[in-house]
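Undergrad: Copying in the features that Swiss-Prot gives for the protein in this structure:
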{"type": "BINDING", "residues": "44-51, Thr78, Gly104, 183-191, Gly241, Arg256", "note": "GTP binding site"}
{"type": "DOMAIN", "residues": "34-306", "note": "domain 'Septin-type G'"}
{"type": "MOD_RES", "residues": "Tyr17", "note": "phosphotyrosine"}
{"type": "MOD_RES", "residues": "Lys190", "note": "N6-acetyllysine"}
{"type": "MOD_RES", "residues": "Tyr211", "note": "phosphotyrosine"}
{"type": "REGION", "residues": "44-51", "note": "region 'G1 motif'"}
{"type": "REGION", "residues": "101-104", "note": "region 'G3 motif'"}
{"type": "REGION", "residues": "182-185", "note": "region 'G4 motif'"}
{"type": "REGION", "residues": "260-270", "note": "region 'Important for dimerization'"}
{"type": "SITE", "residues": "Phe156", "note": "site 'Important for dimerization'"}
Amino acid sequence: MSKQQPTQFINPETPGYVGFANLPNQVHRKSVKKGFEFTLMVVGESGLGKSTLINSLFLTDLYPERVIPGAAEKIERTVQIEASTVEIEERGVKLRLTVVDTPGYGDAINCRDCFKTIISYIDEQFERYLHDESGLNRRHIIDNRVHCCFYFISPFGHGLKPLDVAFMKAIHNKVNIVPVIAKADTLTLKERERLKKRILDEIEEHNIKIYHLPDAESDEDEDFKEQTRLLKASIPFSVVGSNQLIEAKGKKVRGRLYPWGVVEVENPEHNDFLKLRTMLITHMQDLQEVTQDLHYENFRSERLKRGGRKVENEDMNKDQILLEKEAELRRMQEMIARMQAQMQMQMQGGDGDGGALGHHV
(Lines of atoms letter the chains of each structure in order from A and count residues from 1; the text may use other names and numbers.)
(Lines give C-alpha, C1' and ligand atoms only; values in the text may rest on other atoms or scores of the structure.)
Protein backbone atom coordinates (compact mmCIF):
# COMPACT_ATOMS: atom_id res chain seq x y z
CA MET A 1 0.00 0.00 0.00
CA SER A 2 1.51 3.31 -1.13
CA LYS A 3 2.02 6.08 1.33
CA GLN A 4 -0.63 8.79 0.98
CA GLN A 5 0.75 12.19 0.02
CA PRO A 6 -0.38 15.19 2.09
CA THR A 7 -2.96 17.36 0.37
CA GLN A 8 -2.21 20.90 -0.78
CA PHE A 9 -4.31 22.26 2.11
CA ILE A 10 -1.86 20.95 4.71
CA ASN A 11 1.29 22.88 5.50
CA PRO A 12 3.37 20.69 7.84
CA GLU A 13 6.41 22.97 7.59
CA THR A 14 4.81 25.83 9.51
CA PRO A 15 2.61 24.43 12.27
CA GLY A 16 0.45 27.08 13.88
CA TYR A 17 0.19 29.08 10.64
CA VAL A 18 -3.48 29.80 9.93
CA GLY A 19 -3.17 32.04 6.89
CA PHE A 20 -4.55 35.40 8.01
CA ALA A 21 -1.32 37.00 6.80
CA ASN A 22 -2.52 36.37 3.23
CA LEU A 23 -5.58 38.64 3.61
CA PRO A 24 -3.81 41.78 2.32
CA ASN A 25 -2.87 39.84 -0.83
CA GLN A 26 -6.53 38.92 -1.34
CA VAL A 27 -7.57 42.56 -0.98
CA HIS A 28 -4.81 43.59 -3.38
CA ARG A 29 -5.87 41.06 -6.03
CA LYS A 30 -9.52 42.06 -5.73
CA SER A 31 -8.70 45.77 -5.96
CA VAL A 32 -6.47 45.30 -8.99
CA LYS A 33 -9.14 43.21 -10.73
CA LYS A 34 -11.88 45.75 -9.99
CA GLY A 35 -9.76 48.80 -10.77
CA PHE A 36 -9.88 52.22 -9.17
CA GLU A 37 -12.05 55.29 -9.67
CA PHE A 38 -10.97 58.86 -9.06
CA THR A 39 -12.52 62.22 -9.93
CA LEU A 40 -10.35 65.33 -10.08
CA MET A 41 -11.78 68.83 -10.54
CA VAL A 42 -9.65 71.68 -11.87
CA VAL A 43 -10.74 75.26 -11.22
CA GLY A 44 -9.02 78.48 -12.17
CA GLU A 45 -9.03 81.42 -14.52
CA SER A 46 -8.33 80.96 -18.22
CA GLY A 47 -4.70 81.12 -19.30
CA LEU A 48 -3.18 79.52 -16.18
CA GLY A 49 -2.20 76.28 -17.95
CA LYS A 50 -4.76 73.94 -16.37
CA SER A 51 -5.19 71.75 -19.47
CA THR A 52 -1.45 71.51 -20.06
CA LEU A 53 -0.78 70.53 -16.46
CA ILE A 54 -3.44 67.79 -16.42
CA ASN A 55 -2.10 66.33 -19.69
CA SER A 56 1.41 66.44 -18.20
CA LEU A 57 0.36 64.79 -14.93
CA PHE A 58 -1.20 61.73 -16.53
CA LEU A 59 0.83 61.62 -19.77
CA THR A 60 -2.31 61.71 -21.87
CA ASP A 61 -4.00 64.17 -24.21
CA LEU A 62 -7.06 64.40 -22.03
CA TYR A 63 -7.65 68.04 -22.83
CA PRO A 64 -7.05 70.03 -26.00
CA GLU A 65 -5.40 73.41 -25.69
CA ARG A 66 -8.08 76.06 -25.15
CA VAL A 67 -8.39 79.46 -26.74
CA ILE A 68 -8.30 82.25 -24.17
CA PRO A 69 -11.53 84.28 -24.52
CA GLY A 70 -11.31 87.90 -25.65
CA ALA A 71 -12.47 90.90 -23.67
CA ALA A 72 -15.86 91.02 -25.42
CA GLU A 73 -16.57 87.37 -24.55
CA LYS A 74 -15.73 87.95 -20.89
CA ILE A 75 -18.55 90.44 -20.33
CA GLU A 76 -21.24 87.80 -19.83
CA ARG A 77 -19.20 84.60 -19.89
CA THR A 78 -20.84 81.75 -17.97
CA VAL A 79 -19.19 78.84 -16.17
CA GLN A 80 -19.52 75.45 -17.84
CA ILE A 81 -18.89 71.95 -16.54
CA GLU A 82 -17.00 69.56 -18.79
CA ALA A 83 -16.25 66.06 -17.46
CA SER A 84 -13.90 63.77 -19.37
CA THR A 85 -13.30 60.14 -18.38
CA VAL A 86 -10.35 58.06 -19.49
CA GLU A 87 -9.26 54.52 -18.61
CA ILE A 88 -5.56 54.46 -17.72
CA GLU A 89 -3.71 51.17 -17.25
CA GLU A 90 -0.22 50.90 -15.83
CA ARG A 91 1.41 47.54 -15.08
CA GLY A 92 -1.94 45.79 -14.93
CA VAL A 93 -3.55 48.36 -12.60
CA LYS A 94 -6.56 50.14 -14.09
CA LEU A 95 -7.62 53.65 -13.12
CA ARG A 96 -10.89 55.18 -14.27
CA LEU A 97 -9.96 58.85 -14.12
CA THR A 98 -12.57 61.57 -14.50
CA VAL A 99 -11.31 65.13 -14.82
CA VAL A 100 -13.90 67.87 -14.40
CA ASP A 101 -12.95 71.14 -16.05
CA THR A 102 -14.70 74.46 -15.39
CA PRO A 103 -14.13 76.74 -18.39
CA GLY A 104 -15.41 80.26 -17.85
CA TYR A 105 -14.61 80.42 -14.14
CA GLY A 106 -13.38 83.87 -13.16
CA ASP A 107 -13.49 85.18 -16.73
CA ALA A 108 -16.63 87.32 -16.54
CA ILE A 109 -16.60 90.96 -15.51
CA ASN A 110 -19.09 90.17 -12.73
CA CYS A 111 -18.01 86.94 -10.98
CA ARG A 112 -20.51 87.14 -8.13
CA ASP A 113 -22.38 83.95 -9.09
CA CYS A 114 -19.70 82.25 -11.16
CA PHE A 115 -19.15 79.35 -8.77
CA LYS A 116 -22.79 78.37 -8.16
CA THR A 117 -22.64 76.04 -11.16
CA ILE A 118 -19.59 74.29 -9.69
CA ILE A 119 -21.19 73.87 -6.26
CA SER A 120 -24.35 72.50 -7.87
CA TYR A 121 -22.28 69.94 -9.78
CA ILE A 122 -20.51 68.74 -6.61
CA ASP A 123 -23.85 68.42 -4.78
CA GLU A 124 -25.42 66.59 -7.73
CA GLN A 125 -22.70 63.93 -7.61
CA PHE A 126 -23.32 63.45 -3.88
CA GLU A 127 -27.05 63.26 -4.59
CA ARG A 128 -26.59 60.68 -7.33
CA TYR A 129 -24.36 58.53 -5.12
CA LEU A 130 -26.88 58.72 -2.27
CA HIS A 131 -29.67 57.75 -4.66
CA ASP A 132 -27.70 54.76 -6.00
CA GLU A 133 -26.58 53.73 -2.52
CA SER A 134 -30.20 53.68 -1.35
CA GLY A 135 -31.34 51.61 -4.34
CA LEU A 136 -31.45 47.89 -4.97
CA ASN A 137 -28.45 47.54 -7.29
CA ARG A 138 -25.72 48.65 -4.89
CA ARG A 139 -23.02 46.33 -6.23
CA HIS A 140 -22.39 48.35 -9.38
CA ILE A 141 -22.35 51.94 -8.13
CA ILE A 142 -20.15 54.26 -10.18
CA ASP A 143 -18.48 56.78 -7.89
CA ASN A 144 -18.47 60.17 -9.63
CA ARG A 145 -18.07 62.18 -6.44
CA VAL A 146 -15.37 64.84 -6.67
CA HIS A 147 -12.46 63.53 -4.59
CA CYS A 148 -10.04 66.40 -5.10
CA CYS A 149 -10.05 69.95 -6.46
CA PHE A 150 -6.91 71.55 -7.84
CA TYR A 151 -7.49 75.26 -7.36
CA PHE A 152 -5.19 77.30 -9.60
CA ILE A 153 -3.93 80.60 -8.21
CA SER A 154 -2.50 83.25 -10.50
CA PRO A 155 1.22 83.98 -10.01
CA PHE A 156 0.77 87.56 -11.15
CA GLY A 157 -0.97 88.84 -8.01
CA HIS A 158 0.26 89.37 -4.48
CA GLY A 159 -1.71 86.53 -2.89
CA LEU A 160 -5.35 85.48 -2.95
CA LYS A 161 -7.97 87.53 -4.75
CA PRO A 162 -11.39 88.09 -3.13
CA LEU A 163 -12.81 85.59 -5.65
CA ASP A 164 -10.27 82.96 -4.55
CA VAL A 165 -11.24 83.40 -0.90
CA ALA A 166 -14.99 83.36 -1.59
CA PHE A 167 -14.82 80.26 -3.79
CA MET A 168 -12.62 78.17 -1.50
CA LYS A 169 -14.77 79.05 1.51
CA ALA A 170 -17.86 78.02 -0.47
CA ILE A 171 -16.53 74.53 -1.28
CA HIS A 172 -14.09 73.68 1.53
CA ASN A 173 -16.75 71.62 3.35
CA LYS A 174 -17.64 69.72 0.17
CA VAL A 175 -14.34 68.72 -1.44
CA ASN A 176 -10.62 68.37 -0.74
CA ILE A 177 -8.92 71.56 -1.95
CA VAL A 178 -5.30 71.47 -3.12
CA PRO A 179 -4.04 75.01 -3.92
CA VAL A 180 -1.73 75.22 -6.94
CA ILE A 181 0.31 78.24 -8.07
CA ALA A 182 0.26 78.15 -11.86
CA LYS A 183 3.07 79.11 -14.24
CA ALA A 184 5.78 79.05 -11.60
CA ASP A 185 8.39 79.78 -14.28
CA THR A 186 7.27 83.42 -14.25
CA LEU A 187 8.61 83.81 -10.69
CA THR A 188 12.08 83.77 -9.22
CA LEU A 189 12.76 81.36 -6.37
CA LYS A 190 12.52 84.16 -3.79
CA GLU A 191 9.29 85.48 -5.30
CA ARG A 192 7.89 81.96 -5.27
CA GLU A 193 8.65 81.45 -1.58
CA ARG A 194 7.18 84.85 -0.66
CA LEU A 195 4.00 84.11 -2.60
CA LYS A 196 3.64 80.68 -0.98
CA LYS A 197 3.96 82.16 2.50
CA ARG A 198 1.51 84.95 1.68
CA ILE A 199 -1.08 82.48 0.37
CA LEU A 200 -0.75 80.19 3.41
CA ASP A 201 -1.11 83.17 5.76
CA GLU A 202 -4.27 84.31 3.96
CA ILE A 203 -5.71 80.78 3.96
CA GLU A 204 -5.23 80.65 7.73
CA GLU A 205 -6.52 84.20 8.18
CA HIS A 206 -9.78 83.42 6.35
CA ASN A 207 -10.17 79.98 8.03
CA ILE A 208 -10.14 78.15 4.70
CA LYS A 209 -9.92 74.38 5.07
CA ILE A 210 -7.56 72.93 2.49
CA TYR A 211 -6.51 69.28 2.23
CA HIS A 212 -3.90 68.45 4.86
CA LEU A 213 -1.69 65.46 4.22
CA PRO A 214 -1.88 62.94 7.08
CA ASP A 215 1.23 62.43 9.17
CA ALA A 216 3.35 59.40 8.39
CA GLU A 217 2.84 56.44 10.72
CA SER A 218 5.56 55.74 13.27
CA ASP A 219 6.33 52.36 11.67
CA GLU A 220 6.88 53.85 8.19
CA ASP A 221 10.41 53.92 6.82
CA GLU A 222 12.46 57.09 7.08
CA ASP A 223 12.34 57.78 3.34
CA PHE A 224 8.54 57.92 3.37
CA LYS A 225 8.55 60.17 6.45
CA GLU A 226 10.97 62.54 4.73
CA GLN A 227 8.85 62.49 1.57
CA THR A 228 5.73 63.38 3.56
CA ARG A 229 7.57 66.23 5.28
CA LEU A 230 8.74 67.65 1.94
CA LEU A 231 5.26 67.39 0.42
CA LYS A 232 3.71 69.24 3.36
CA ALA A 233 6.36 71.96 3.13
CA SER A 234 5.64 72.44 -0.60
CA ILE A 235 1.97 73.44 -0.21
CA PRO A 236 0.78 75.37 -2.17
CA PHE A 237 2.48 73.57 -5.04
CA SER A 238 4.09 75.88 -7.62
CA VAL A 239 4.07 74.07 -10.96
CA VAL A 240 5.00 74.27 -14.62
CA GLY A 241 3.32 72.17 -17.29
CA SER A 242 4.44 71.32 -20.82
CA ASN A 243 3.74 68.63 -23.39
CA GLN A 244 6.76 69.49 -25.54
CA LEU A 245 9.90 67.36 -25.59
CA ILE A 246 13.07 69.41 -25.87
CA GLU A 247 16.73 68.49 -25.63
CA ALA A 248 18.61 69.51 -22.50
CA LYS A 249 22.07 68.27 -21.51
CA GLY A 250 21.98 65.59 -24.17
CA LYS A 251 18.63 64.07 -23.23
CA LYS A 252 14.98 64.57 -24.14
CA VAL A 253 12.91 66.19 -21.39
CA ARG A 254 9.48 67.78 -21.15
CA GLY A 255 9.90 71.45 -20.54
CA ARG A 256 9.89 75.01 -21.80
CA LEU A 257 12.68 76.61 -23.78
CA TYR A 258 13.59 80.24 -23.05
CA PRO A 259 16.43 82.45 -24.29
CA TRP A 260 18.07 82.17 -20.88
CA GLY A 261 17.71 78.40 -20.53
CA VAL A 262 15.34 75.45 -20.12
CA VAL A 263 12.68 74.89 -17.46
CA GLU A 264 12.27 71.14 -16.95
CA VAL A 265 8.80 70.04 -15.88
CA GLU A 266 10.02 66.99 -13.95
CA ASN A 267 13.01 68.65 -12.30
CA PRO A 268 12.24 69.21 -8.57
CA GLU A 269 14.79 72.05 -8.50
CA HIS A 270 12.75 73.98 -11.07
CA ASN A 271 9.19 73.51 -9.77
CA ASP A 272 6.89 71.30 -7.65
CA PHE A 273 5.39 69.27 -10.51
CA LEU A 274 6.83 65.94 -9.34
CA LYS A 275 5.79 66.67 -5.76
CA LEU A 276 2.23 67.41 -6.85
CA ARG A 277 2.03 64.17 -8.83
CA THR A 278 3.59 62.21 -5.97
CA MET A 279 1.09 63.70 -3.52
CA LEU A 280 -1.84 62.80 -5.77
CA ILE A 281 -0.70 59.21 -6.38
CA THR A 282 0.45 58.36 -2.84
CA HIS A 283 -2.58 59.98 -1.18
CA MET A 284 -5.28 59.04 -3.68
CA GLN A 285 -6.78 56.51 -1.26
CA ASP A 286 -6.76 59.04 1.59
CA LEU A 287 -8.47 61.65 -0.63
CA GLN A 288 -11.22 59.12 -1.35
CA GLU A 289 -11.57 58.20 2.32
CA VAL A 290 -11.84 61.84 3.42
CA THR A 291 -14.47 62.36 0.72
CA GLN A 292 -16.44 59.34 1.95
CA ASP A 293 -16.04 59.76 5.71
CA LEU A 294 -16.18 63.55 5.98
CA HIS A 295 -17.64 65.43 3.02
CA TYR A 296 -20.16 62.81 1.86
CA GLU A 297 -21.27 62.00 5.41
CA ASN A 298 -21.84 65.71 6.08
CA PHE A 299 -23.96 65.93 2.93
CA ARG A 300 -25.84 62.73 3.79
CA SER A 301 -26.57 63.84 7.36
CA GLU A 302 -27.81 67.21 6.14
CA ARG A 303 -30.02 65.53 3.55
CA LEU A 304 -31.54 63.17 6.14
CA LYS A 305 -32.18 66.09 8.49
CA ARG A 306 -34.15 67.78 5.74
CA GLY A 307 -36.44 64.78 5.39
CA GLY A 308 -34.68 61.94 3.65
CA ARG A 309 -33.10 61.66 0.29
CA LYS A 310 -34.16 63.91 -2.51
CA VAL A 311 -35.97 62.12 -5.28
CA GLU A 312 -35.57 63.32 -8.82
CA ASN A 313 -38.69 64.65 -10.57
CA GLU A 314 -38.74 61.74 -12.99
CA ASP A 315 -38.52 59.17 -10.21
CA MET A 316 -41.13 61.08 -8.23
CA ASN A 317 -43.54 60.98 -11.17
CA LYS A 318 -42.96 57.25 -11.62
CA ASP A 319 -43.54 56.58 -7.93
CA GLN A 320 -46.69 58.70 -7.99
CA ILE A 321 -48.04 56.78 -10.99
CA LEU A 322 -47.29 53.44 -9.30
CA LEU A 323 -49.05 54.55 -6.12
CA GLU A 324 -52.10 55.66 -8.09
CA LYS A 325 -52.18 52.37 -10.01
CA GLU A 326 -51.89 50.38 -6.78
CA ALA A 327 -54.71 52.40 -5.19
CA GLU A 328 -56.90 51.88 -8.28
CA LEU A 329 -56.13 48.14 -8.24
CA ARG A 330 -57.08 47.90 -4.57
CA ARG A 331 -60.38 49.71 -5.26
CA MET A 332 -61.19 47.30 -8.09
CA GLN A 333 -60.32 44.29 -5.92
CA GLU A 334 -62.56 45.60 -3.13
CA MET A 335 -65.41 46.22 -5.62
CA ILE A 336 -65.05 42.70 -7.06
CA ALA A 337 -65.01 41.25 -3.54
CA ARG A 338 -68.25 43.13 -2.68
CA MET A 339 -69.93 41.95 -5.91
CA GLN A 340 -68.89 38.35 -5.19
CA ALA A 341 -70.27 38.63 -1.66
CA GLN A 342 -73.59 40.01 -2.95
CA MET A 343 -73.85 37.26 -5.57
CA GLN A 344 -73.10 34.64 -2.90
CA MET A 345 -75.86 36.03 -0.66
CA GLN A 346 -78.34 36.07 -3.55
CA MET A 347 -77.51 32.47 -4.46
CA GLN A 348 -77.94 31.36 -0.84
CA GLY A 349 -81.25 33.21 -0.67
CA GLY A 350 -82.46 31.62 -3.93
CA ASP A 351 -81.60 28.11 -2.71
CA GLY A 352 -83.64 28.65 0.47
CA ASP A 353 -86.75 29.80 -1.42
CA GLY A 354 -86.58 26.92 -3.85
CA GLY A 355 -86.38 24.32 -1.03
CA ALA A 356 -89.42 25.76 0.78
CA LEU A 357 -91.59 25.78 -2.32
CA GLY A 358 -90.72 22.17 -3.13
CA HIS A 359 -91.56 21.03 0.37
CA HIS A 360 -94.91 22.87 0.29
CA VAL A 361 -95.87 21.23 -2.98
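Including glycine, each Cβ sits where the backbone N, Cα and C put it.
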Undergrad: Determine the most Cβ-crowded residue among the binding-site residues Asp185, Glu191, using a 10 Å radius around each Cβ and all protein chains in the structure.
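TA: The residue with the most neighbouring Cβ atoms within 10 Å is Asp185.
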Undergrad: Of Phe156, Lys190, Tyr211, which is closest to Gly104 (GTP binding site) if I measure between C-alpha atoms? They're all recorded positions.
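TA: Closest by Cα distance to Gly104 (GTP binding site) among the recorded positions Phe156, Lys190, Tyr211: Phe156.
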Undergrad: Going by DSSP, is Gly104 (GTP binding site) part of a helix, a strand, or coil?
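TA: The three-state answer is coil.
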Undergrad: What is the total of other Cβ atoms whose distance to the Cβ of Gly44 (GTP binding site) is within 10 Å?
TA: 22
Undergrad: Pop the Cα-Cα gap between Phe156 (site 'Important for dimerization') and Thr188 (GTP binding site) into the table, whole Å please.
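TA: So the Cα of Phe156 (site 'Important for dimerization') lies 12 Å away from that of Thr188 (GTP binding site).
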Undergrad: Mind telling me which of the binding-site residues Gly47, Gly104 has the densest Cβ neighbourhood, counting other Cβ atoms within 10 Å?
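TA: The largest 10 Å Cβ neighbour count belongs to Gly104.
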Undergrad: Take the C-alpha atoms of Asp185 (GTP binding site) and Tyr211 (phosphotyrosine) and report the distance between them in angstrom, rounded.
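TA: Per the Cα atoms, Asp185 (GTP binding site) and Tyr211 (phosphotyrosine) stand 25 Å apart.
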Undergrad: Around Phe156 (site 'Important for dimerization'), how many other CB atoms lie within 10 A of its CB?
TA: 11
Undergrad: Cβ neighbours within 10 Å, counted over all protein chains: which one of the recorded positions Lys50, Lys190 has the most?
TA: Lys50
Undergrad: Counting only residues 6+ apart in the same chain, whose Cβ is under 8 Å from the Cβ of Tyr211 (phosphotyrosine)?
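TA: Cys148, Asn176, Ile177, Val178, Leu287, Val290 - these are the non-local Cβ neighbours of Tyr211 (phosphotyrosine), listed in sequence order.
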Undergrad: Which state, by DSSP, holds Gly47 (GTP binding site): helix, strand or coil?
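TA: The three-state answer is coil.
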Undergrad: Can you tell me how far the Cα of Gly47 (GTP binding site) sits from the Cα of Phe156 (site 'Important for dimerization'), in Å?
TA: 12
Undergrad: Counting by DSSP, what is the helix, strand and coil composition of the region 'Important for dimerization' (260-270)?
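TA: Per-class counts: 0 helix, 4 strand, 7 coil.
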